[in-house]
Amino acid sequence: MQRVVRRVFVQSSSLFRTVVGGGRGVNMAEGQRARPSSDLAAFRELFAAARNIVVLSGAGISAESGVPTFRGAGGFWRTWQAQDLATPEAFRANPSLVWEFYHYRREVMLTKLPNAGHMAIAECEQRLAKQGRSLVVITQNIDELHKRAGSKNIIELHGCLFNTRCTRCGHVEENRKSPIVLSLAGKGAPDPDAQDARIPEEDLPRCDHGGCGGLLRPHVVWFGESLDPDVLSRTDRELDKCDLCLVVGTSSVVYPAAMYAPMLASRGIPVAEFNIEETPATHQLGFHFHGPSGEWLPKALAPHHTETTP
């Protein structure tokens, strides 16, 4: 039987939850652990010995590039947060509004660049590959900043902002048009006072594959939707062989991604969190480095004195 894992938003510091198959809840109570270490030298020794490194990244690393997160205080697009609009129900009820939201996000990304954290991860991946070691990025982000930084081994759990999927024929393709359709030009302003464009459905992005004409949607995983089984399988394989994990800029409230780091830590795998704040997972992990990833990662992932390149 194929495993079904849905994207779920849970704000809880006392309980980790995910929905796995048939609506059955699987709960993992938080472990009682000592405060995590901030000893960079100790982390660096583990880094030097690691052969299969996993970086779990979330919205925080993109926020350092100026990308809106739509989370927390002030994290709104107009009067909505992401979990209000990133649902199949919202799209069925008001596809014009949801497309305005994603059009705004697409246009914003044309003005943003990878930051020092993205660059440190990409450089480390390339360097370690020459040593027969691996680094893979498992990201919840849909903005492609890891790819633009030069990372190659990327698993996009929630899809990509620049891919579309037809709601009629299911065809998926890359789409980097700006604007994606003329009816969205100048639309999507995030201000609370902005008026909804109320674009007729026939003027929203449409599928031109084989003359289909169906309504397009962003090819991303919305809250309540199932993650791609192939993506989950690849993720499982990387987590199974992981011997060091970095958790970068993730709030640890969106599942299933939020359970990965605690699960690794429970197996005795060293896990280091890099974040500007503590998260529900912090006290289950071995390390916590407080501050921007752009400040910490260049130091944490720099060449170790024991490294040799063929």
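Each Cβ is built from the backbone N, Cα and C atoms, and glycine gets one as well.
Cβ contacts within 10 Å of H158 (active site, proton acceptor), excluding its own Cβ and spanning all protein chains shown: 22. The active site, proton acceptor annotation in TrEMBL covers H158.
Taken from TrEMBL, the feature NAD(+) binding site covers 58-77, 140-143, 249-251, 275-277, S293. Remark: I276 (NAD(+) binding site) has G60, H290, G291, P292 as non-local neighbours, by Cβ distance under 8 Å and separation of at least 6 in sequence.
Feature annotation from TrEMBL assigns substrate binding site to Y102, R105. Same-chain residues at least 6 positions away in sequence with a Cβ under 8 Å from that of Y102 (substrate binding site) are, in sequence order, L161, P218.
Taken from TrEMBL, the feature Zn(2+) binding site covers C166, C169, C207, C212.
Sequence annotations record features per position, and here TrEMBL assigns domain 'Deacetylase sirtuin-type' to 33-307.
Residues annotated as region 'Disordered' in TrEMBL: 183-202.
Same-chain neighbours of the Zn(2+) site beyond C166, C169, C207, C212, judged by a C-beta within 8 angstroms of the site's C-beta center, are, in sequence order, T167, R168, G170, H171, D208, H209, G210, G213, G214, L216. Each residue contributes its Cα atom, and for G249 (NAD(+) binding site) and C207 (Zn(2+) binding site) these two points are 35 Å apart. The shortest Cα-Cα distance from G58 (NAD(+) binding site) to any of the recorded positions (R105, H158, C212) is found for H158. For the domain 'Deacetylase sirtuin-type' (33-307), the model's pLDDT averages out at 96.
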